[in-house]
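A short worksheet on the structure shown next.
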Amino acid sequence: MNPYILAALLFGLGLGTTITFASSHWLLAWMGLEMNTLAIIPLMAQHHHPRAVEATTKYFLTQATAAAMLLFASTTNAWLTGQWDIQQMSHPLPITLITLALALKIGLAPVHSWLPEVLQGLDLTTGLILSTWQKLAPFALLLQIQPANSTILIAFGLASTLVGGWGGLNQTQLRKILAYSSIAHLGWMILVLQFSPSLTLLTLLTYFIMTISTFLVFKLGKSTNINMLATSWAKAPALTALAPLVLLSLGGLPPLTGFMPKWLILQELAKQDLALTATLAAMTALLSLYFYLRISYAMTLTMSPNTLTGTTPWRLQHSQFTLPLAMTATATLLLLPLTPAVVALLTL
């Protein structure tokens, strides 16, 4: 892609999100979301592969549906209450409709089916943008409206953690596994949204760090399915040793960063007398953990046939820029000791 066009599209992505962040009026927020969608579409279809075009079409249709729903709900709100302000939502009908529209935008269960299909059709770089940056604007709106109906959020959250765990079990494609992982993490964020918005933001931030490092690991090894991971030990031996730890952090195992948000969320749910919800969420995390372990096993404990071409690639110089991977992988593995400081910041 022409670098000028690429720069313009990335600027459009940034501007769309910033407009949504800065807006207090529903029309402006809607405009930011639309700019966001329209800026990423050429990035998704840039390879002109039938699969990429199909993924782009599916993405466009779902985002357009969610945007139309958002516009309809905000107009209904203005009609019922005379208010266009995002933080002045008082009527339950538009609040529920907007929550549903934003859930469709980010890919929460039960309106999640588009996300694995779309992510599977994209290359890893665009998939990374879709899994991280594109979640920011809808989350900013969800945090601002603070939906009054807590039942719908808890239902969305539990459904997402369950679908995110179950859906990834029988997958062999890494991008689909990462899509289901995204759904499960979004479920955790939504569960705690109404009780502690700052904890939701912390979970979103740690999810971003872990997802970026996972995508970059796969991008470095050019891996798109589980079988391709068997050759990664020959391409980058040190990275292959660290990758299972990155994946287990994504799954939320204790000595790693990914355990921090899960621990704090379960603690918050227990404080709110939602012990059953916390138990169910913790059990669905085991489902996700299983497929992360499966990827770790495929990566480190299976070996491809040791042909001469299979054993030489790691000797060659990598053409990829690895500083972002080094930084995010370090953060993914080593931030758990900062938990007391994070808790102190959350309670300010």
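Cβ coordinates come from backbone N, Cα and C, glycine included.
Quick look at what TrEMBL lists:
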type     : residues : note
DOMAIN   : 23-287   : domain 'NADH:quinone oxidoreductase/Mrp antiporter transmembrane'
TRANSMEM : 60-80    : transmembrane segment
TRANSMEM : 92-115   : transmembrane segment
TRANSMEM : 151-170  : transmembrane segment
TRANSMEM : 177-195  : transmembrane segment
TRANSMEM : 201-221  : transmembrane segment
TRANSMEM : 233-254  : transmembrane segment
TRANSMEM : 274-293  : transmembrane segment
DOMAIN   : 289-342  : domain 'NADH dehydrogenase subunit 2 C-terminal'
TRANSMEM : 325-346  : transmembrane segment
Task: Dominant neighbour of the transmembrane segment (201-221) in 60-80, 177-195, 233-254, 274-293, 325-346, by Cβ pairs under 8 Å - done: 325-346
TODO: May I ask for the residues of the chain that lie six or more residues beyond the transmembrane segment (177-195) and have a Cβ under 8 Å from a Cβ within it?
DONE: 103, 106-109, 112, 115-116, 118-120, 127, 131, 135, 139, 142-143, 146-147, 150, 153-154, 156-165, 167-168, 171, 203-204, 207, 211, 214-215, 250, 261-262, 265, 268-269, 271-272, 277, 281, 284-285, 288, 291-292, 295
- [ ] For the domain 'NADH dehydrogenase subunit 2 C-terminal' (289-342), provide the mean pLDDT of the predicted model.
- [x] 80
Task: Leading stretch by Cβ pairs under 8 Å, where the reference is the transmembrane segment (151-170) and the options are 60-80, 92-115, 233-254, 274-293 - done: 274-293
